[in-house]
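Scroll down for the structure; my scribbles are underneath it.
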Ligand SMILES: NC(=O)C1=CN([C@@H]2O[C@H](COP(=O)(O)OP(=O)(O)OC[C@H]3O[C@@H](n4cnc5c(N)ncnc54)[C@H](O)[C@@H]3O)[C@@H](O)[C@H]2O)C=CC1
Ligand SMILES: O=C(O)[C@H]1O[C@H](OP(=O)(O)OP(=O)(O)OC[C@H]2O[C@@H](n3ccc(=O)[nH]c3=O)[C@H](O)[C@@H]2O)[C@H](O)[C@@H](O)[C@@H]1O
């Protein structure tokens, strides 16, 4: 296997994980960032994000001298054969992807380029961005050196990013010149993955088309769940029955409060914007977005149906991250739901095993952050489950039941069987599954 010298610009979730995995399989990698404090921490082998398994791989890469971290982006660019752009492309006010960081990275490359390089876009970018990157680099370098642009979108998931990267199901390589595509294919050889070579435009669109398709599956099953609530069917049974058809499959049919995170919300908006710019209509996508935004609010309706007014009610919120195994709260449903609870006058106590600090930056101190599930639910009038962390699902609910003022559990992620929770004495309400009347129980803690 040929070992490449790689620079990764942007050491966030994607840049850090993919850079570390490239080093793990034998390439020489320098991860760069403009965020000096992040790089300082990484140099001390401190991982700025919560991502299972990443710390071990970073330490190993550094010890073996194949993984380095720097703010000296110019030097890293000059020393590299292949440069990955992995900076953020957040949503702008209008819903389109903000390309400011990509443009900065491209101009930086153009300013210091010192020979032939393959420049690879890993960030999720609108169709046409590859051409723009070539233009920005060409302008900044006065076209002194030749280079190739490749689009190589990333498909890893947060929370299982290292696993996804090392076991990638496919790598998409969009390039104009076969020679450039061959270099990126060779670089991926150790992963033993399926390689799909396409045009730059197709590769850029594959990323959005994939994320929006997955988002569509989620909005679809959530709409079915809402129908189940009205018709008395059980969405878990429906999803199971659907999934047995291999053309449909079981994955991404978990009903709940909808998708969040740094990608599905922003990428659905970005594709919608791209569609409008192209003068096309994409009404399914409109419905996916709209359904997801409504879905988050359904737990509040369910709460009000049980409690009446929320004013003065003590609500325990379990789970703040947008999904388990990450401390990422970007566009997490909790950040929409909790402000609505506060607006309605509820007193909110919240717990998340790792994301409380991140949530505090957004929600502030109107929420009381608790150190455990037990402390959070104590004396509460209702408990809302927003993230299906193992620590939350596996808690001793039999014990927790007796410490709640009212054992009302609104499960936004369908974590348990309704029968089991009813058996434990909970007034248990989930998403798209029939209500099972609770068993009369025992004493509770006097309030
Ligand atoms: N987070 C995820 O799970 C996935 C993200 N993506 C895409 O990958 C891209 C990156 O996403 P994340 O890693 O989540 O972003 P992030 O926000 O975690 O990290 C981006 C990093 O880029 C740095 N940066 C910004 N401008 C820079 C510059 N000019 N030079 C050097 N560093 C710079 C920032 O300081 C930050 O550390 C986005 O386009 C995203 O849509 C794709 C697949 C998965
Ligand atoms: O482009 C990206 O950033 C990434 O976006 C998603 O990954 P991620 O956002 O990390 O997490 P997912 O596991 O896809 O979950 C996204 C959201 O959908 C929700 N979800 C997922 C699956 C499901 O069946 N139901 C459901 O509500 C999750 O709770 C979460 O809020 C994609 O799965 C990755 O392939 C992609 O690379």
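Note: Cβ is positioned from N, Cα and C throughout, glycine not excepted.
In TrEMBL, annotation is done automatically, which means it is predicted and not curated.
The NAD(+) binding site annotation in TrEMBL covers 33, 38, 89, 124, 158, 266, 330. Using a 10 Å Cβ-Cβ cutoff, residue 124 (NAD(+) binding site) registers 21 neighbours.
Secondary structure at residue 260 (substrate binding site), taken from DSSP and collapsed to helix, strand or coil, is coil. The Cβ of residue 260 (substrate binding site) lies under 8 Å from the Cβ of 322, 323, 330, 331, 332, 333, each of these being in the same chain and 6 or more residues away along the sequence. The annotation substrate binding site is assigned in TrEMBL to 155, 156, 157, 158, 207, 252, 253, 254, 255, 256, 260, 323.
Positions annotated as active site, nucleophile by TrEMBL: 263. Within the same chain, the residues at least 6 positions away from residue 263 (active site, nucleophile) whose Cβ sits under 8 Å from its Cβ are 124, 211, listed in sequence order.
Sequence annotations record features per position, and here TrEMBL assigns domain 'UDP-glucose/GDP-mannose dehydrogenase C-terminal' to 316-418.
For the domain 'UDP-glucose/GDP-mannose dehydrogenase C-terminal' (316-418), the mean pLDDT of the prediction comes to 97. For ligand 2, the nearby binding-site residues are 260; that is, of 33, 89, 255, 260, 266, 330, these have a C-beta under 6 Å from one of its atoms. Rounded to a whole number, the C-alpha distance linking residue 158 (NAD(+) binding site) with residue 253 (substrate binding site) is 18 angstrom. With respect to ligand 1, the binding-site residues 158, 207, 253, 266 contribute 158 as residues with a C-beta closer than 6 angstroms to one of its atoms, given in sequence order.
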